Amino acid sequence: MLLAVLYCLLWSFQTSAGHFPRACVSSKNLMEKECCPPWSGDRSPCGQLSGRGSCQNILLSNAPLGPQFPFTGVDDRESWPSVFYNRTCQCSGNFMGFNCGNCKFGFWGPNCTERRLLVRRNIFDLSAPEKDKFFAYLTLAKHTISSDYVIPIGTYGQMKNGSTPMFNDINIYDLFVWMHYYVSMDALLGGSEIWRDIDFAHEAPAFLPWHRLFLLRWEQEIQKLTGDENFTIPYWDWRDAEKCDICTDEYMGGQHPTNPNLLSPASFFSSWQIVCSRLEEYNSHQSLCNGTPEGPLQRNPGNHDKSRTPRLPSSADVEFCLSLTQYESGSMDKAANFSFRNTLEGFASPLTGIADASQSSMHNALHIYMNGTMSQVQGSANDPIFLLHHAFVDSIFEQWLRRHRPLQEVYPEANAPIGHNRESYMVPFIPLYRNGDFFISSKDLGYDYSYLQDSDPDSFQDYIKSYLEQASRIWSWLLGAAMVGAVLTALLAGLVSLLCRHKRKQLPEEKQPLLMEKEDYHSLYQSHL
């Protein structure tokens, strides 16, 4: 049944999204530095005739950067995307996309006016058909060439400043693998020189917003590819895990019986080929990953360097991260202390919040623990566990946002490592998104997590809000009732006082009780109250 669904999907759909729009990679586009493709609905650039958007100059932030990358004009990702384009579509209202043909996250419908909240669920809560459908969608993405996007296989300089385009087709799944490689690759300085201390999505403030957008775009493309608008990425809750409980053939793949570094032949993913994993080879040739298959997925969970990562994260580790009030601190890189981002990413201890270069914890611990393809930053997205892992990391980010409710100004405006300032555009996304745009609640982006819905403090606020609104509507009646009650209380108190005086006159003074009867005391107390 699963194979029948998969083959049906493979023959039915051809779509994608990700990096360089196919419509914008001609020599004309590259030399004119313009990416404003027509929207299919009216054939005008950016859907301008329909009011969806228009072609505009890109306004880049001039906020100062941190000292980690001491070069200028040597890397295509600097001041993204200005090396390739200085004009792109600027979409209006709730429209989004490289040609304004899509809706912003959280909006649906032909005019993008409908709000919708999707829920990401624990993979262990999926039924067998739901789980098999998820695996079928992954395989479909792995076998569907993108009709919308291509990947560059050379630098802008190697393309002779755009006059000789160098781009390849790629399937949808590997497109996102390539994006994760490209955003974290070393800087190629020419000759045999490289610069390793550069990463536009890790080791700095944009780590969490970048991966949030990455998952949203991945999710959105699977929805388009399959026609399943309710699709969401499941998460793996790894808190307190003693082993990789999703590393079975029923889920993400068990171990090969004769080669522990490979997946079991019975695994859904055992035949997958990986891409973008040979970083040193690319560096030595001053070249980019071109999407060529490079061998099978490798994974040997638990047989890693235990001196660096002695255990998987605990619930207490997560709670300590959430208790940290600062999103970012100090140098805003992997040496930051008491930084929620740096602690969750795994460069600071989840016991103290102090940066520790000798240990890999939290998010990093899972990558190290997998001991294979997922353990290398650039190629880690080849392993589909990457999606489940980062969905859960994003849920922890969401918990922190809900607990501390930071203003957007909490996200650093300046002096972060290159590509990580609040107004910097995220590499390598087209359409363009800023880091600060995703420093907001997931609900504002149209999704939530199943395990957060039960504990969300907002749910109590929403529950009581209706009662407060009703109270405001009947406030004048309540005020009038209170005044009448006060008058009646005063009259009753006067009557009780008269009765007491009359009683004192009837009893000799020495026979009068020191206290009233219990019932009388209660009535008087309540009346005075």
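In case you wondered, yes, glycine gets a Cβ from its N, Cα and C as well.
Here Swiss-Prot flags 1-18 as signal peptide, drawing on sequence analysis.
The annotation N-linked glycosylation site is assigned in Swiss-Prot to Asn86 (among others) on the grounds of sequence analysis. Listed in sequence order, the residues of the same chain lying 6 or more apart from Asn86 (N-linked glycosylation site) and placing their CB within less than 8 Å of its CB are Lys33, Glu34, Asn57, Ile58.
Residues or ranges marked as N-linked glycosylation site in Swiss-Prot (evidence: sequence analysis): Asn111 (among others). DSSP assigns Asn111 (N-linked glycosylation site) to coil in the three-state reduction, placing it in neither a helix nor a strand. Residue density at Asn111 (N-linked glycosylation site): 14 other Cβ atoms are found within 10 A of its Cβ, drawing on all protein chains shown.
Spatially close to Asn161 (N-linked glycosylation site) yet at least six residues away along the chain are Leu30, Met31, judged by Cβ distances under 8 angstroms. The N-linked glycosylation site annotation in Swiss-Prot covers Asn161 (among others) and is backed by sequence analysis.
Cβ environment of His211 (Cu cation A binding site): Ala201, His390, Val393, Asp394 lie under 8 Å away, each six or more residues apart in the same chain. Residues annotated as Cu cation A binding site in Swiss-Prot, with similarity to another entry given as evidence: His180, His202, His211.
Per Swiss-Prot, the feature N-linked glycosylation site maps to Asn230 (among others). In the three-state DSSP reading, Asn230 (N-linked glycosylation site) counts as coil.
Annotation source Swiss-Prot lists N-linked glycosylation site at Asn337 (among others), citing sequence analysis. Shown in sequence order, Ser329, Gly330, Ala348, Gly353, Ile354, Ala355 are the residues of the chain, 6+ apart in sequence, with a C-beta less than 8 angstroms from the C-beta of Asn337 (N-linked glycosylation site).
Per Swiss-Prot, the feature Cu cation B binding site maps to His363, His367, His390; the stated evidence is similarity to another entry.
What Swiss-Prot lists as N-linked glycosylation site is Asn371 (among others). Under DSSP, Asn371 (N-linked glycosylation site) is assigned to coil, being neither helix nor strand in the three-state scheme.
Ranked by Cβ neighbours within 10 A across all protein chains shown, the glycosylation sites Asn230, Asn371 are led by Asn371. Comparing Cα positions, His202 (Cu cation A binding site) lies closest to His363 out of the recorded positions Asn230, His363, His367, Asn371. Using a 10 Å Cβ-Cβ cutoff, His390 (Cu cation B binding site) registers 24 neighbours. Separation of the C-alpha atoms of Asn111 (N-linked glycosylation site) and His180 (Cu cation A binding site): 31 Å, rounded to the nearest whole number.
A simple way to gauge crowding: the CB of His367 (Cu cation B binding site) has 22 other CB atoms within 10 angstroms, across all the protein chains here.
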